[in-house]
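Undergrad: Take this structure, written in structure tokens, and hold onto it; I'll ask about it next.
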2 protein chains.
Amino acid sequence: MTATSTEPRTTTALTGRPLAEGIRRDARERAAALAAAGTPPRLVVVTATDDGSALWYVRSIAKAAAAVGIDCDVRDLGPSASRARIRDTLRDLNRDPRVHGIILQTPLPEGLSPAGLAVEIDPAKDVDGANPASLGRCAAGLPGFAPATAEAVVRLLDHHGVELAGRDVAMVGRSLVVGTPVALLLLERDATVTVCHSLTAELRDRTSTADIVVVATGVPHLIGADHLREGAVVVDVGTNATDDGLTGDVDADAVEGVAGALTPVPGGVGPVTTALLLSHTVRAADRATG
Amino acid sequence: MTATSTEPRTTTALTGRPLAEGIRRDARERAAALAAAGTPPRLVVVTATDDGSALWYVRSIAKAAAAVGIDCDVRDLGPSASRARIRDTLRDLNRDPRVHGIILQTPLPEGLSPAGLAVEIDPAKDVDGANPASLGRCAAGLPGFAPATAEAVVRLLDHHGVELAGRDVAMVGRSLVVGTPVALLLLERDATVTVCHSLTAELRDRTSTADIVVVATGVPHLIGADHLREGAVVVDVGTNATDDGLTGDVDADAVEGVAGALTPVPGGVGPVTTALLLSHTVRAADRATG
């Protein structure tokens, strides 16, 4: 289609809810089969924080787990838990055959490194891909769990039929839980990937030539119209609580009509991420019992 | 310095030999101290191939190890070794307290995945960073061994005073042993990194805007003058045996006067890689005995 008409262009919403619903439905069926066989899938979320939004997120996971038939325990160690206490809790959970999935919720008490503790999670139970060994396995194409948010980005692009091979991707953000694993997963899918971050000299130059822009920075409305080429596909991983409610890292109003497609916030990457955590837990239980 | 003179520009040679010599000297001193304390550092190279250049490379490692006081055994399993045989050998070496470093030499017998077997190597003995868990640890900034070639690229740039933070890097090649870990290491050093590969649409567009171009493709002379911006720093990881002798992935004659600096082949990344394997082995022995 060439742009000879004078109609304003519109931006397609890359919604995540139908995809999430499909993933949850599949998880629910497999969870029911496992429960019928006497092994209901079980997920444990370890928390060591009093951060309100983290605890809200954990409750939403527990509720979503219950809805698909996964037993979900929250093991709250409190905001002053020591490194040794968290480590020993993870080791106990590794050894417990009734536990199939383990999530170590961030933030942790000050001074504790999430990756430094996540190395303790058995990769077979590491349903949010937090252990650096899981990251390496995902780079190597070996079986293992990718961080759910990173996998959600790729699943969402696939679901909406966005071609990846040979396309230029700008990944804005380099965290271990999103930016880095998204880059590794998209490289495996034959995209050409540029990882940008807060020290990138001219962010606009990097993003405005890309076919696909994925943003995970935690900076509300960082990406505007002049960061994008016309028709770019934009995935917004940001979920920032502001006075105006939940908002993404992309200024959705500003990029309307410039971006060819954009994931909404909320309703884009988020629901797919939660659904994948449940799906991973069921898969871990399947393997453990199979 | 501004380019007002009409003198032809010259390309600086980023030699690796002086850096390698310094790394070896340090390894030799620490190896002597360990031997004096009754624990000479020991490296085992596992081979399962009759590939001539691989075996030549292994002999050169063994010779370099001997020269710094590291005992080096080559455990040759032959070109038809089974997966189980290689796996069991690696597990035995993990358990052997006299062995501090383990290298699994590629190529492996057809059908065997190097990463799939390298997951067996204890990360504490994985001196060439071949276990995907080592890759993940290096992405997470946790203690562990990076693949020696990837670390050599960064050490060489540091040695020659090339600034990394905020610079644009084009990494050409995405292998697990070079391209991917180089990208991860340079991201950790605050560079903006684009990973390109054989399916990248317009390689020239990606490389010709970069401040630093790292090439690891195994394609002789892939990179010429029109791939580079004037003054770019170029690291050539390629070592291709051709009728004209050993040659890199960069056409050195063509880029002379365009590249600001270029690593020679041979004499650039190669000697630093070998020196780092020895240094890693001594460090592993230090930790095991410390």
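Each residue, glycine too, has its Cβ placed from N, Cα and C.
Not measured: the values here are computed from a predicted model.
What TrEMBL shows for this protein is this:
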type	residues	note
DOMAIN	A:14-128	domain 'Tetrahydrofolate dehydrogenase/cyclohydrolase catalytic'
DOMAIN	A:147-287	domain 'Tetrahydrofolate dehydrogenase/cyclohydrolase NAD(P)-binding'
BINDING	A:GLY173, A:ARG174, A:SER175, A:THR239	NADP(+) binding site
Undergrad: At its widest, how many Å does the recorded NADP(+) site span between Cα atoms of A:GLY173, A:ARG174, A:SER175, A:THR239?
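TA: The two farthest binding residues have Cα atoms 16 Å apart.
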Undergrad: Which ones, out of the binding-site residues A:GLY173, A:SER175, A:THR239, lie near enough to chain B that their C-beta is under 8 angstroms from one of its C-beta atoms?
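TA: Out of A:GLY173, A:SER175, A:THR239, none lie under 8 Å of chain B.
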Undergrad: Which one of these binding-site residues, A:SER175, A:THR239, has the sparsest Cβ neighbourhood, judged by other Cβ atoms within 10 angstroms?
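TA: With the binding-site residues A:SER175, A:THR239, fewest surrounding Cβ atoms within 10 Å: A:SER175.
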Undergrad: Do you know the mean pLDDT across the domain 'Tetrahydrofolate dehydrogenase/cyclohydrolase catalytic' (A:14-128)?
TA: 97
Undergrad: Where does A:GLY173 (NADP(+) binding site) sit by DSSP, helix, strand or coil?
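TA: The residue in question, A:GLY173 (NADP(+) binding site), is coil (DSSP, three-state).
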Undergrad: For a quick check of packing: other C-beta atoms within 10 Å of the C-beta of A:ARG174 (NADP(+) binding site), how many?
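TA: That number is 25.
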Undergrad: A:GLY173 (NADP(+) binding site) has how many other Cβ neighbours within 10 Å of its own Cβ?
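TA: Excluding its own Cβ, the number within 10 Å is 24.
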